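Asks: Pasting a structure below so you can have a look.
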Amino acid sequence: MSSNPSSVEKKLLHYTGKAIADFNMIQRGDRVMVCLSGGKDSFTLLTILNQLRIKSGNKFEIFAFTLDQAQPGWNDACLRQWLAEKSIPHEILTRDTYSIVKEKIPEGKTYCSLCSRLRRGIIYRYAEENGFNKIALGHHRDDLVRTLMMSILYNGDIRSMPPKLLSDNKKHIVIRPLCYVQEKDIITFASEQAFPIIPCNLCGSQENLMRKKVASLIDQLAIENPKVPSNMLHALQSLKPSQLMDQNFWNFKNLEDGLETTQSIQCEEVFNAQEFELEDEKI
């Protein structure tokens, strides 16, 4: 921890530490691979985790992993210097996923899905080959609430980015220690620390992405009610299945069984769902 931490640094340490404790993200002896993309979020994550590691008495390890995807203009010289100055173990691995993405995705379409899929595969493989049991990602509170809104509006389901999950190959735990942290605090901290940010030219060149639209919508709502983002985050921790419509989580069809009555009720269906099916139509 800095000898004289700023107010925003104290805030980041508090909320990151709280998230780690709330979800039991890191345990004694863990080898945590921090995915350092070169953006403000991952720089903040690595810096704060390193301070918490020191505070814990080195009860866990951290390692910075950066994937150079061979994008034009990529320059990691400042990143290498920064990592060396911080004495943080690291590796910058070069894999040309850029050419694959450019070849497969038509001009004007978003590259994010394929790009992240390729990146995820490389990250999992590297973690497995090098004995890291935890993979830390830099998604923050606003990423979580934007993803929730996107899922509802564009996919028709309720999901977001979990704070902790088991990887698809069942070999790693993926954690998001910044899940309580506001993006504005990360921006302030990144400015204070003068991180050597490496911009993502691949994504930044594309306008009108869904995520930007949703972020703008949430920002507009927050002007009238500043609690909107935090309320959305709280909603992810306060599901009420009986107030929703998912029959996998609530037995709506047989609620009559729970009635407190002396009368005998016959729970025989008058209609069945098949009678009202329409082909290829969604309500």
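Keep in mind that glycine also has a Cβ here, set from the backbone N, Cα and C atoms.
Taken from Swiss-Prot, the feature motif 'PP-loop motif' covers 37-42. Under the heading [4Fe-4S] cluster binding site, Swiss-Prot lists C112, C115, C203.
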Asks: What number of additional C-beta atoms lies within 10 angstroms of the C-beta atom of C112 ([4Fe-4S] cluster binding site)?
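Replies: Total other Cβ atoms inside 10 Å, all chains included: 17.
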Asks: Taking the Cβ of C115 ([4Fe-4S] cluster binding site) as centre, how many other Cβ atoms lie within 10 Å?
Replies: 21
Asks: Could you count the residues of the motif 'PP-loop motif' (37-42) that DSSP puts in helix, in strand and in coil?
Replies: 3 helix, 0 strand, 3 coil
